[in-house]
Structure formats: C-alpha cells, structure tokens
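Taken from TrEMBL as is:
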{"type": "BINDING", "residues": "Ser10, His69, Gly145, Phe146, Gly147, Gly148, Gly176, Gly196, Thr197", "note": "substrate binding site"}
{"type": "BINDING", "residues": "His35, Asp37, His69, Asp174", "note": "divalent metal cation binding site"}
{"type": "ACT_SITE", "residues": "Asp37", "note": "active site, proton acceptor"}
{"type": "ACT_SITE", "residues": "Asp174", "note": "active site, proton donor"}
Amino acid sequence: MSVKAKIGPSILNADLANLGAESKKLLDNGADYLHLDVMDGNFVPNLTFGHPMVKSLRNKIKTAFFETHMMVQNPEQWISPMADAGVNLYTFHIEPVDDVYKVSRLVQEAGMQVGLAIKPGTKVADLEKYISIADVVLVMTVEPGFGGQSFMADMMPKVEWLRQNYPNLDIEVDGGVGPKTIECCAKSGANMIVSGTAVVGATDQRQVIKDMRDVVQSYLK
C-alpha cells in the first residue's frame, strides 16, 4: 500500500494570538501537516479565520504542508485567495456544491490538491462518483462547526468501504480523534489523522504525534 500515516494537528485548538510560534512548535514536534479550519458562519454556525490569516502564517512558515478545511457555503469563492495564501490542499464539502467537478477543476488549476469532505449525515455513496478527482477524502467524525463533540465511531463503515474500494486513496478523519480513538480509525483504514486538543494541548506533543502515527502505520503494512 502506497499511502502513508500522517498526523495533521488542527490549529484552531492552538493559541490563535500566537499562531506562528504554536504552528512551528507542532511541526518541530513531528506534525506532518497543518489542518486549518475555515468556517464562514453560514455552512456551519461558527466563524473562524480566512485567507489573510493563512497568508500571514505562510509568511512565517515557508515549507510546511497546509490543508484548509473549507466549511463554507461557497467554496468556489475562496479558491483563488487561498491559493495565493499558499495552501497546498483545498478540502471542501460536497454538500453545498452544485458542480463538484467544476470546483475541483478550479482548485487544480489554481495549483492546489483537491480534498472532498462529507458530514456525518452524508452517505459515502454520494461521494463515490467524485473520488477519481480527489487527492484526499475527508470523513467527518463529528458535526463540523461545533467544538468538543465526541468521536462518532459509527462513521467508520464509511472509512472501511473507502479503504476496501480505494486502497491507494488518502483517507482523512477529523473530529474527536486522539490516543483513545486512534486505533478505531486506523483499523478502519484512515491514514490522515486530524487531531485538535489531543495533540495541541498535550504535555508532550512529540510523543502523542509519534504514538498516533505508529498506530496508523501498523495497520497500513
């Protein structure tokens, strides 16, 4: 299997007033990429940050891999600004989008990889026809836009189906994932792990990141 275990801390859980230093610390402690949660207060009820902050972060951190998780009603609107901000992977939700192929093509033309995300209530079958154009598929394991929710283990059949049918696909999970839930995700076939508080708030970030990556890698062999 060619997919690799990757741990991407969600920086929304970090000290946003000190984001450059916090992000560098996570990367120095072994994070494979940074997961940037962009919420518009419309598609989800929360409001976070946009492309100016991402660009500022990119100016501080030149080489790290940035994923923006676009929890927005109109992802097409933000493709160009996020590409300009230095985003590598543009992950958007299929639910509010009429033409997923068109938006994906525009993401690619802007020089970014395509990530396709589904909320817990969205069937994996709704995503199937688009998988050929996706670099990453994100299965949400909580409802997007709300913090502090419990991990939804009943989302794992989606991950299992994706891994069985697409052995070389990067499959990401996001929501309530930490040391206590990592094995469930890894066993199901997820290889890209978004983790917020469990990593960002850890006393020993390096150890938590390594332990989670080791669990995922053990199931990818």
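Using N, Cα and C of the backbone, Cβ positions are placed for all residues, glycine too.
Note: the CA-CA distance between His35 (divalent metal cation binding site) and Ser10 (substrate binding site) rounds to 5 Å. The Cβ of Asp37 (divalent metal cation binding site) has Ser10, Ile11, Leu12, Thr48, His69, Met71 as same-chain neighbours under 8 Å, each 6 or more residues away in sequence. The Cβ of Asp174 (divalent metal cation binding site) lies under 8 Å from the Cβ of Ser10, His35, His69, Leu138, Val139, Met140, Thr141, Val142, Val194, each of these being in the same chain and 6 or more residues away along the sequence.
In this structure, of the binding-site residues Ser10, Thr197, the smallest number of CB atoms within 10 A of the CB marks Thr197. Taking a C-beta cut-off of under 8 Å and a sequence gap of six or more, Gly145 (substrate binding site) has these contacts in its own chain: Met39, Phe43, Val44, Pro45, Asn46, Met71. In the shown protein chains, 27 other C-beta atoms lie within 10 A of the C-beta of His69 (divalent metal cation binding site). Within 10 Å of the Cβ of His35 (divalent metal cation binding site) there are 26 other Cβ atoms, across all protein chains. Using the Cβ center of His35, Asp37, His69, Asp174 for divalent metal cation, the list of other same-chain residues with Cβ within 8 Å runs, in sequence order, Gly8, Ser10, Leu12, Leu36, Glu67, Thr68, Thr91, Leu138, Val194.
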